[in-house]
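Note sheet for the following structure.
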Amino acid sequence: MARPNKFLLWFCCFAWLCFPISLGSQASGGEAQIAASAELESGAMPWSLLQHIDERDRAGLLPALFKVLSVGRGGSPRLQPDSRALHYMKKLYKTYATKEGIPKSNRSHLYNTVRLFTPCTRHKQAPGDQVTGILPSVELLFNLDRITTVEHLLKSVLLYNINNSVSFSSAVKCVCNLMIKEPKSSSRTLGRAPYSFTFNSQFEFGKKHKWIQIDVTSLLQPLVASNKRSIHMSINFTCMKDQLEHPSAQNGLFNMTLVSPSLILYLNDTSAQAYHSWYSLHYKRRPSQGPDQERSLSAYPVGEEAAEDGRSSHHRHRRGQETVSSELKKPLGPASFNLSEYFRQFLLPQNECELHDFRLSFSQLKWDNWIVAPHRYNPRYCKGDCPRAVGHRYGSPVHTMVQNIIYEKLDSSVPRPSCVPAKYSPLSVLTIEPDGSIAYKEYEDMIATKCTCR
């Protein structure tokens, strides 16, 4: 029995020694497979490289734009929106944001999100009548699943586009009748709400008038607030020319065609990653900042004076000279004093902590098929060495100086202060959603505007 036991022991040892070798060969083969697949998918979006990051760490590592916009990205192709609706949202983007994507400071509205939905289905109920001025009535179904629970509706409008170019010398009075149809499976609570609304509006068309907006906030606000995401409505128009002002009009008749409307929702995104308009005062009131902040090293993303950097660098150089001259007036130390080392510790480092540009195009990431605007993005980043005596020039707290002393005098394992962003500006983004809707959103903390040492 001794020999079989001894043989079994040797066999187990041999298998244990061989196991790492086979495992290593399998691992190397797996790495080769991954490398080959990476070459085949070299055109894939950079987000795919980050899928293995733990969900708890992802929030701290990824900027809000890449984190939020990549949610819900699937393999199915995106539906393309109506060209007229896309043109309208591009004009809206130019009104709200600069070419670089920064929200304009003269804004007065409270919403930070605008969503445009086109109807999923369109059914004509009855033909129009040119004699009576009745336009063809239609039934529309809007799918609002893209609205999240943190988005609160502030305003909603139906946007009509006039199909053919019309020019009227007189005012055109239109009466719109709109009725919401509730599905059979709806709850009783929603059934009690009024679902039939009649809008009496007077529209005046000019030579270049192409759009009609009908405010339906009072109708949709309770529905969206109750998480109703499927809106089925019936709409018809009756339009006539003003006979009193222009009696020569031929019985008030005209030929006008309205394309099926889009639904625009103006929302306030209350999440932390969204830009909130009341914070815009923080960017407007630069003169009211404290003296310490005014002396800090800063850079502004767009539209600021180019001479600001020159003046700040001049002041930094002058303050550095004053510091060195004041230190030279002090009595000299021991004979072993090294003058060059003494100068070096007070002069600013050559690679000073400051802002750097990093301009990228969304076409480089192959995201330009769904990010409509801006075309380019400059997040900027902070890089450089932090001086030993940071003082208040960077807006750094006293703790930064204490950390420097600990690093130099007590424990070198304690890291030195790092060059990091201190302030940011928001970014406006216009995107095409997977369902073909169009979204304008404003994201907080997307562009670094100031560096500090911490």
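From the backbone N, Cα and C atoms, a Cβ is placed for every residue, glycine too.
Sequence annotations record features per position, and here Swiss-Prot assigns signal peptide to 1-24. The N-linked glycosylation site feature in Swiss-Prot is assigned to Asn106, Asn163, Asn236, Asn255, Asn268, Asn338. Positions annotated as region 'Disordered' by Swiss-Prot: 303-330. Feature annotation from Swiss-Prot assigns phosphoserine to Ser325. According to Swiss-Prot, the feature disulfide bond maps to Cys353-Cys419, Cys382-Cys451, Cys386-Cys453.
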Determine, using Cα-Cα distances only, which of these disulfide-bonded residues is closest to Asn106 (N-linked glycosylation site): Cys386, Cys419, Cys451, Cys453. Cys451
Any idea what DSSP makes of Cys382 (disulfide bond), helix, strand or coil? strand
Cys353 (disulfide bond), number of other Cβ atoms within 10 Å: 23
Neighbours of Cys353 (disulfide bond) among recorded positions Asn236, Asn268, Cys382, Cys386, Cys451 (C-alpha cutoff 10 angstroms), in sequence order, are Cys382, Cys386, Cys451
Cys382 (disulfide bond) CB neighbourhood, other CB atoms within 10 A: 20
Can you tell me how far the Cα of Asn268 (N-linked glycosylation site) sits from the Cα of Cys386 (disulfide bond), in Å? 40
10 Å Cβ neighbour count around Cys451 (disulfide bond)? 27
So, in DSSP terms, is Cys451 (disulfide bond) helix, strand, or coil? strand
Determine the most Cβ-crowded residue among the disulfide-bonded residues Cys386, Cys419, Cys453, using a 10 Å radius around each Cβ and all protein chains in the structure. Cys453
